[in-house]
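First the structure, in the form of structure tokens, and then the observations on it.
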């Protein structure tokens, strides 16, 4: 084989030996004609021109010189863009998530065919009318079409009938010609079938494979196929051969993955442009980073975007106030050139005339079709706001996606119909439209909502939930088709089907569940619930297929359990995470000293693949150079966005410690949450401002930042602290208490809005409002109190103090459960008085109420046996229920939790021992009570169940039996065994209990040395350790549903949706939270039995 000679300035390229399909076939890059059967098939062919020359210096690109991107789109049905994109969803997975880059490539490929195909772009912009049939010279360029060789039977070479059908007849002879060479290079039949999408690449890969591997040694067969099957794949591979060496060197120093990404997504022109302009792009005044160059180039039209960035970045930054990062974000999409030019033209108009912010304009422009979306916003924003009642923020949300133009036009047309005829709200219509393919989803909701509700029993809310994702149209149609099958044949519930469908790629996930559920259950021993849990994420299809393939390997070769495999797979990017665990688990354990459990913990989050790779790379650096422990590194990595958090810790830890006086432990506490990267950056920026201008301490700033959404909470404190203190009479301490929880931003905004209403109209005090708001989910709790307090007080006879106590312990869910019970009494709770119900709700939240509803096995007999063992109801045995509620409420409302214990002794006239004993009975250790760090109600309930004699085993999150029901059955069995055993003396019980008082909270207040014991599932106890306990009253109640584009940075719309899409955290066990909570003695068991129904009806439902 002749060697590939180096690139020369000559426009002609030396031909490779062998066939040159790139130069004779219209499907090659040289652009004779579009694919057969394409929408532009009849348009005249464009004169063939050489495209091998190096890009010229920055100047207006000629690629669209005859018309704009929108002119191109007008040449054919606009729906082609969306249909092609969404029909490519089987491989989409998570297109906007770093966890699934391969899926993004498929979107690029789909868009290339539908939106901006290089061979047809220049045809579409010509002024000549289309011909009725292809030109004769186009046929002349394909002698193989009429050749008998086109009828070759590839099955003789081992291809299946299905594989042969995927290969176009005219390409089969080329496949046969290069089959032997490609197989010899290690390509499979499936690889060759994929490569045949671009026939020119078959010969190129067959002839130059060894050269490709020498130039790109890390490239896999899949990588080569991924580049080769694209429109300019053959020439892109040739360009990599000649230019990879220089691109690997300064100033870009690109790695193999980056080179392949540019070639795969941007094509040959992007590779050539990056090579030609590498010095200009990275030097002054642009100063782009290699990652930014790759991001811009790795798109359709990447070469034009690079040219436009060189021309417009200085203008947009200096004249329009954008940042270089914003310019890069706009350019890093298909059509980036047009989007940048439109931003330059429309940004002043949209901001001055329509009231948008530059950030909103950037958000709209930073998508495929950004140019058209901006123009449509300019045209329709007044109409949608004035005539349809939408807000500018809602219009921006709709426009800020691929296909935003079509979505806005469809909202204008269908919003009245969907609201008036189908009962949807404008917010629901906006939610459906605010995704790629929003137009098609809205039209499908209009068509299928009546059918799904009437024929299949779904609710409108469920239909909206399915439609409000990428691929909503296809998901709705698939639910209509498969819901009966999955329920009747596979035993799923409609709710489970809806949950699977309510993700990006829901269609493919449902079809894969139908296909693989029997296999995974029968062959691999998974439960249907576990299969649903894996499927119930973006990329569920790929995750299920990977579990089928890797579960035996991971269990047999690496010692993982099926539950661990399921936990890894049950996240966005689960497919990639599983493959990375298989690859890196031995390395991380042997070379870095991690345990398999730690590896699983890191992988069991969105973006687990990237987090594992970053731990492998940065763990030695963070430990040796920055003094962190491996446990601290694992804790940071074990969150959504762990990769970014680790990299930011490496970068900012010295700055935050040296310049701002934080400790490494505080930096870890901030980073150890979803969105840790953003929180760290915001602390660096706002800590001086909050301390100097607002009087906060660094400890308070750290407390606010050490939660999911810490960035937003800090920014909201900066904005609202003066307002809440001056206008509403709160203290800075109270503002910090509200902000120092997950969802602190939303809680602060809700306090600002509802505090006057709750105080003036409902008679609450500001202290009570703060107590309700100072928890995870404070926003929802406040809104629920506003809605249900009149009902509970007027209709059911509760006092406002009782309502506040329920809301401060169990939140929104406990309040709704109490209302449901009082309105429609459940037989299992009918024997309880209102005081009993309130006490139970304060003690264990909704999990406790639900547990009693589901029934305590053999409860009447157990209660009778306890009464026989301890016949006297002594005063120290049964506490007054109202008293328990008052004590809990006192602690929850105390503005200085660390002083609450001493104040409570005075307030209630109790001794230290008596108050500690009361708290022990409600699942609080003495040390927690002394420092005011009461655990969440759900955690206290778990402890009570354990202390009652149950050996707590962490259930699978997808267990078929609910945790509460399983807990109660085990509790009953254990309690019965205890009662049958010989009775120890009461003093012995007390001694035994005292000797075992070693709760997790004991460790939680001893200092940083124990902070990072590997309990990554309980972040509220990790980060608490570096802060005064008065700031760390962590009582999570709810976890907000819905995927976030940037993990851990929720926006208002995401958290607002939590009122309708809520994943219950109450019922989930707190891993390790009660591992060593001391067992109850008989007096305490009797006290617990007094809290539960004692009539025979308790066991009636067992």
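If you go along the chain as it appears here, the first residue is 1 and each next one adds 1.
Cβ atoms are placed via backbone N, Cα and C, with glycine included.
Taking Swiss-Prot as the reference, the stretch among 127-151, 152-176, 177-201 described by the feature region 'Disordered' is residues 127-151.
Within its own chain, the repeat 'Core repeat 5' (424-457) is flanked in space by residues 79, 82-83, 85-86, 95, 388-390, 394, 397-398, 400-404, 406-411, 414-415, 417-418, 463-464, 467-473, 476-477, 479-480, 483-484, 494, 1057, which lie at least six positions past its ends and keep a Cβ under 8 Å from the stretch. If you look at the repeat 'Core repeat 2' (322-355), the same-chain residues 6 or more away from its ends with a CB under 8 A from one of its CBs are 61, 64, 68-70, 108, 111, 115-116, 286-288, 292, 295-296, 298-302, 304-309, 312-313, 315-316, 361-362, 365-371, 374-375, 377-378, 381-382, 392. Summarising model confidence by region, the repeat 'Core repeat 10' (594-627) averages a pLDDT of 97. Counting residues 6+ beyond its ends, the repeat 'Core repeat 7' (492-525) has Cβ neighbours under 8 Å at 89-90, 92-95, 456-458, 462, 465-466, 468-472, 474-479, 482-483, 485-486, 531-532, 535-541, 544-545, 547-548, 551-552, 562, 1043 in the same chain. Residue counts for the repeat 'Core repeat 8' (526-559) by DSSP state, with H, G and I taken as helix and E and B as strand, are 27 helix, 0 strand, 7 coil.
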